[in-house]
Amino acid sequence: MYPKSLLYWTSLASLAVARSIPKRNEPAPLVKVVDEHRVPGMYIVKMKDSFVAEDVDHTLSAHMSSAKHVYGATSFKGFASTLDDTAIESLRANPHVDYVQEDSKVHLFDYVTQENAPYGIARLAHRNNGDSNYVRDESDGEGTCVYVIDTGINVDHPDFGGRASWGANFADDENIDGAGHGTFVAGIVGSNSYGVAKKTQLLAVKVFRNDGTADGNNIIAAIDWVAQDAPNRGCAKGTVAKPVARCVAFVAVASGNDNSDAENTSPASEPSVCTVSASDENDGKASYSNYGAVVDLWAPGNNIESTSYQGGSTIASGTSAASPIVAGLGAYLLSFEGSRDPVALCDRIKELSTQGIVGGVAEGTTNALAFNGNPSG
């Protein structure tokens, strides 16, 4: 049964009398939607908040009396109706109309699947081991930026699809990745074939020279630069840095590859970062992975395939292959679920994780394997 307010509106619509309609300077906006989501011919007409039932005129009366829905029980005032171009222009000229919008289909989940995906990302999308499909929401990290503080990125690698660019170089005068580690990490975060967040923007911040060495003062300068750049970068859904500390952005760091307690490793021991250890293909602790109370999560780190700085792909193992999976997951969740501060985002990833599944985890170490929330997982 319709609320009395709607019945009152409809009654007045049928009794509307002729009156002069005030003119507006500009037509009301016509809001269009993506073609694939459009409901053909159906429009939602939003009335201004100041609109009252007594404002119904003959034009509105004709449309409201044949409308599929008339809204008024809540703060949203308006109606949904099938309209042609003439009716749309007439309504846009009405001073009581706030806007006219094409109706669109709403999907409960817009999940997409990458079949026969690399093990690292396929494992992220399922509670149990053994499935080779990477299932995720189509938002895919769109609107986010990931700073890769490493050896640089081969930004011309085709698997980045033009989404990788140079941010800053604190190592040398060559904007190239001469060692390969940064390109490999960036590929796990967001490449088309091997990445977790396939629509994120990837920013190279080079601190390691081609021989794999870096000066501590340059690393600090890079962190400072990211802190200044991130708020002005225009990443509407948020930023992720790998690695940066102190809540400049969400931070995922490797626990280390010494098979020892990560509390003695920096920056893994920094409390504001999300510290990641590596699991193997059988959901066991990778033999080299660090452990301990500072570990927040586990993610696949053994035999991970990703982009090579020389083109094509390569395979490597280590906690620095596991942590970019979580960095990419952070970007994915920022895009899919909305903004969170860095600590809250790490907490959200831990909340989604699969508990108690990693074998061989030392007592006192979190046993939580990263999971992206795939509802069919």
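Glycine too: its Cβ is placed from the backbone N, Cα and C atoms.
Quick caveat, the model's predicted, so the values are computed rather than measured.
Going by TrEMBL, these are the annotated features:
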type	residues	note
DOMAIN	43-108	domain 'Inhibitor I9'
DOMAIN	141-339	domain 'Peptidase S8/S53'
ACT_SITE	Asp150	active site, charge relay system
ACT_SITE	His181	active site, charge relay system
REGION	258-279	region 'Disordered'
ACT_SITE	Ser320	active site, charge relay system
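Location within the structure of each feature annotated in TrEMBL.
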residue	record	CB count, 10 Å
Asp150	active site, charge relay system	27
His181	active site, charge relay system	19
Ser320	active site, charge relay system	24
Asp150 (active site, charge relay system) and Ser320 (active site, charge relay system), distance between Cα atoms, whole Å: 11
Residue pair Asp150 (active site, charge relay system), His181 (active site, charge relay system) - Cα distance, angstrom, rounded: 7
Residue distribution over DSSP helix, strand and coil in the region 'Disordered' (258-279): 3 helix, 7 strand, 12 coil
Average pLDDT across the domain 'Peptidase S8/S53' (141-339), rounded to a whole number: 91
